[in-house]
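Q: Below you'll find the structure I mean.
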C-alpha cells in the first residue's frame with residue numbers, strides 16, 4: 001500500500017521550548033481569527049515552525065498578541081482540522097509531522113535491501129559506445145506506432161491520456177518565456193548543450209530528490225523531448241539484434257515498436273496483481289533490458305509494491321540487465337503520497353529513470369528527462385550530440401525557473417484536485433450504470449485513467465459506443481495486450497474530459513446495460529440530461545422540483561418519476577449526494593474551513609450539513625479531511641477498489657440505515673426462542 005511521507009522514518013523529537021511568535025499587521029478586512037490562522041500557517045510552511053515544534057498555549061499567545069483566548073482557540077482548531085497541527089488536551093499543540101501542502105512529496109521507503117551474490121554489471125565500453133552513438137536519421141515509425149500517431153480518432157485527448165492544457169497557467173508561462181528571452185545570451189543560443197541546460201538539470205535533480213526520492217547528480221540527468229525519446233535512446237545505446245527485451249503485457253503500446261527497431265527478441269510477460277512478474281523473468285535467458293511502469297502500470301493501474309521492486313532489482317543485478325523505469329504519471333496520486341521511484345532503491349545502478357513534463361504541464365512542451373547510471377552518462381551525452389534533438393534553450397530556461405519558484409508544484413497541486421474530481425465523476429457514472437456491488441475498477445488511485453472491468457453480460461462494443469456518444473472515449477483493454485487474454489474491460493481516461501460529459505456517460509451506459517428494458521424517449525432523456533447538467537454546474541443553488549420541472553419543460557409529477565427512472569435517484573437525493581461529493585473534494589484539496597465549505601456547497605445550516613455528511617460518509621467533515629490529508633488507507637489489507645466502493649457517498653443506503661437504527665429502538669423485545 002502507498003505510505004505517507006513519514007512512513008519508515010524516525011519521528012522527530014518534540015521541541016519543548018516555548019515559542020515567542022512575532023506578529024505582522026492585520027490585513028484590511030481580515031478577521032482576527034483568520035489573522036492568527038494565517039500567521040501560524042505561514043510560519044509552518046516557511047519552516048520557521050519546524051515539524052514537532054510546540055506552539056504556545058492559547059492563553060500565552062492570546063496575552064502576547066492582546067486578543068481574546070477564544071479567538072486563538074478557534075484558529076488552533078482550524079489548523080488542527082486541516083492537518084497543520086496535532087495534539088491532545090494536557091499535552092499541548094505541535095506542528096504535524098506531515099504538512100498538507102507537502103503532499104506533493106513522495107513517501108520515502110526504507111533503505112534498499114542489500115544485494116547479495118550480485119554479479120557485477122557489464123559496463124558499456126567506450127569503444128562499444130562509439131559504435132552506437134552515430135544514429136542514422138530516425139527510421140520511419142513501425143506500422144503499429146504509425147497507426148497510433150496518425151489515425152483520426154475521436155476524443156484523441158482521451159487516447160493519449162494527456163494533461164488538460166486548459167488548466168495550465170499560461171500567463172505565468174508567457175511571462176517566463178519573455179524573461180528567458182531577455183536573459184539568454186548569444187553564446188547560449190549558439191551552444192546547444194546535448195545533455196540539456198545545466199540549470200534545468202539541477203532543478204530536475206532537486207525535484208526528483210524531493211518528489212521521487214531519487215538521489216542523483218545533475219550530470220546523470222539527460223534532457224529529452226519525452227519518454228518515447230528516452231526509450232528510443234536506450235534501445236539505440238544498449239541493444240543489439242540478438243538481445244532480449246522484456247515488456248509488460250498488457251503494457252505501453254509504443255514500447256514494442258520502439259525497441260523493435262533495435263532487436264528481434266521482444267518478450268511480453270503477463271503482469272500479475274503486483275505488476276511485472278519477476279518469477280517469469282528469471283526463467284528467461286539473455287535478457288538485456290526490461291521496460292516497466294511501477295508507479296501506475298499502463299494500463300491496469302497496478303502499483304508495484306516495495307517487496308516486488310526489491311525482487312526486480314535483485315534479479316536485474318544478478319542477470320546484468322538494465323531496467324527502464326517509465327514514470328509517466330506519478331505526480332497525480334489521489335489517495336495518498338506515492339511510493340518513491342524504483343530508481344531510489346537502485347543500489348546496483350541498473351535503473352534508467354524516464355519522466356516527462358509533457359504529461360504534467362502540456363503535451364506540446366516536448367521536454368522530458370532521463371536519469372542514467374553514472375557509467376552510461378558519457379555514452380548518452382554522445383548519442384544526444386549526434387542525434388541533435390535538443391529542446392529549445394529558452395523553454396529549458398523557462399521550465400527551470402518554473403521549477404525553482406514553486407510554480408510547478410502549485411500547478412500540480414491544482415491539477416491533482418481537478419483530476420481527482422473528474423475521477424470521482426467517472427466513478428459515479430460507472431456506479432450509476434452498474435451499481436456499487438457490480439463495479440470493478442483498478443488503477444483509480446492515481447494517474448489520468450482507470451480500468452473498468454465489465455460485469456458479466458455487458459457488450460463491449462455497446463459500452464465503448466455509449467462512452468463516445470457521451471463525449472468520453474473508452475478504449476478496450478484488449479488493445480494493450482500482446483499475448484495475454486484478459487476479461488472484457490475498457491480503459492477510461494478522465495484527465496482531459498469535461499466533467500459535464502461524465503454524468504451523461506452514466507445515463508447512456510445505464511441504457512446500454514443488459515436487461516435495461518425499454519429505453520426512455522430520447523427527447524425526454526435529453527431534457528433530463530439538461531436538468532442534470534444544470535444541477536451539476538450549480539449544485540450550491542436551491543433546486544426545488546418546480547424549478548427543475550420548468551427547466552425540463554415537463555410537469556412536476558412526470559419529471560420526478562422520469563428523473564428517478566433515468567438516474568436511479570430522486571432529484572433531491574441526487575442533489576444532496578453531489579453536494580457531499582463536492583464538499584469531500586474541497587475538504588481534501590483546499591484550505592477552506594468546514595463552515596466555508598458548507599455554505600459554498602449550498603447548505604444553509606452547518607448542523608444539517610454535518611449530520612447528513614456523517615450519515616452518508618460515516619465520518620465528520622473534520623475527520624474526513626484529516627484522513628484524506630494523512631494519506632493513510634482506511635484498511636491496509638483490503639484492495640483499494642473494494643474500500644472505495646464501500647465508502648462512496650450513497651444517500652439511499654444512508655437513509656435506509658438511519659431508518660433501520662430508528663426502528664430498532666421502537667420494536668418490542670422478541671419472546672421467540674432462537675434455537
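Every residue gets a Cβ built from N, Cα and C, even glycine.
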Q: According to TrEMBL, which listed range is region 'Disordered': 115-141, 142-168, 169-195?
A: 115-141
Q: For the domain 'HTH gntR-type' (30-98), what's the mean pLDDT in this predicted model?
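A: Within the domain 'HTH gntR-type' (30-98), the model's average pLDDT equals 81.
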Q: Based on DSSP, tally up the residues of the domain 'HTH gntR-type' (30-98) by helix, strand and coil.
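A: Output for the domain 'HTH gntR-type' (30-98) reads 36 helix, 10 strand, 23 coil.
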Q: For the domain 'HTH araC/xylS-type' (529-627), what are the DSSP-based totals of helix, strand and coil residues?
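A: So the domain 'HTH araC/xylS-type' (529-627) is made up of 74 helix, 0 strand, 25 coil.
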